[in-house]
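*Asks:* The structure's right below; bear with me while I get my questions together.
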């Protein structure tokens, strides 16, 4: 039995294609053959019996074998406009990470928020949302968590080493029963910080499925007992190892429960850890490049409805930005209520008189970390300028209410967001990282070994780009395009639509709500890109059959597929946060269920209010009608 369990993936890989093979043999039609390929690929994706990228290659050989599509036609689906868009964004992300601009942004925002638990959580959430708008959710989580962990460990160290001063304020001591509630009788000068990672297997397995970040050892920022000031290095995948200075502590034996000075400290650690993964998910919703599922939707939608011309960076941002703001506030309130209680005056006060000694020390630690970055460097300025320029060019390409910069060209429709992205990404390989006409090497921080020897060393190198480029996601997205093309050519999407005609009596909002709840449930156990790739063709066919604007179901479903936040296997950011050891699965399920409900409710509110005039959702558009008529012929 144990041997069968070990070989379960091999059994799935062999058994599923053989068990489904009678379908195309008994019914040798294009629809049946395409359905066979779709089901085999979907099972491989959901079960993760083979890597997601490898499973995405199944249509590349099965479609030609069954005569659904020519090999050259399938190959063309694996590289689309969004692939180039992603490559340009990754170039900018590589520059941001290489020159530590993300760390400067994160620390500055946390300094503004302060060290009060409620404001600290909100500050980290805001900077995580902002970074996740432009970087992958996984990369953002891997960047921010080490900074958050350093702050948390400062709180823990201060509390264990000086527990009797927990309630002292800057002006006068106050009686804070919640903070002074000790869980153990350890001597105040004795300390051992224990790190237990109960999830190494599931974490590594989940992180290996998406190559957005090569985690190596994403096992938290464990603090080892030392007798002198020491340094502990933690690998977060993309970033170089960061040294974190640990205060002088003594080594004693302690139980796991005594890892935290009080139960309140443990709650703060849980709240801050979970807030980062949720904020990364929220930030990924805002831009069309924020997460891979947004890119999958945009390309499949534009491929299926080439005459639509309604989805671009600007329209997506206008629709999703209010969603993110509402979700950010409600998620913060939910986590605060769940872990910190309802005393917002105590946890969110900006008054210096109400700050405890530990909070003041934490603020000092954050300021010290920021001071280590030194003055802003020339490469950071260049990266910031490119960041702003890329955003402005995306917004002004086709804003809709006024003519965009593309109207300056005679030929229309040739320039997309990918054009801007690739152009600016290409320039980063050319622009020197050293300030022009400067012979001093102090004008920028060296992060590459040969920076000093080469005065014309560029902002980023191909190795920097290659280290971040998620090729597995590119192939996965291409596999989704190939499946969609097969469904269209074979007529399978039309057949599926006809089977869904009994749902025609439901109002549009009910159809959308059912779709959102369905994808939200499935994505808890399957990868987000794979789930969306399977559901998009089905929901498109459903919308066409019921004569509902396809955007009414596709956009909410695309957003809700990101709400797999209840389990460590839901998405890589969850796994990264879980691996730090502050939260248990029960904490993730309890908090994630509330965030999931908040997300679905806010998305439904958006699609039934400001989404209606933005996308003209009350009418069945001509571009969808033309697609429906063409597909039925």
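Please read every residue number as a count from 1 along the shown chain.
Every residue, even glycine, has its Cβ placed from backbone N, Cα and C.
Nobody curates TrEMBL annotations by hand; they come from automatic prediction.
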*Asks:* Please find, within the list 414-433, 434-453, 554-573, the residue stretch that TrEMBL describes as transmembrane segment.
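*Replies:* Residues 414-433 are the ones TrEMBL records as transmembrane segment.
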*Asks:* Is it true that the transmembrane segment (116-135) and the transmembrane segment (317-344) have 3 or more Cβ pairs under 8 Å, skipping pairs fewer than 6 apart in sequence?
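*Replies:* Stretch pair touches.
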*Asks:* For the transmembrane segment (591-617) and the transmembrane segment (317-344), check the count of CB pairs under 8 Å (sequence separation 6 or more) and say whether it reaches 3 or more.
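*Replies:* Stretch pair touches.
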*Asks:* Between the stretches 42-66, 272-297, 373-394, 414-433, which one has more Cβ pairs under 8 Å with the transmembrane segment (473-497) than any other?
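*Replies:* Answer is 42-66, with the largest number of Cβ pairs below 8 Å.
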*Asks:* Apart from its near flanks, which chain residues at least 6 from the ends of the transmembrane segment (272-297) lie with a Cβ under 8 angstroms of it?
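*Replies:* Those are 82, 85-86, 89, 117, 120-121, 124-126, 128-134, 136-138, 140-141, 144-145, 148, 151-152, 212, 311-313, 316-317, 320-321, 323-324, 327-328, 331-332, 335, 417, 421, 470, 473, 476-477, 480, 528-529, 532-533, 536, 554-555, 558-559, 561-563, 565, 571, 573-574, 576-577, 580, 582-583, 587-588, 591, 595, in sequence order.
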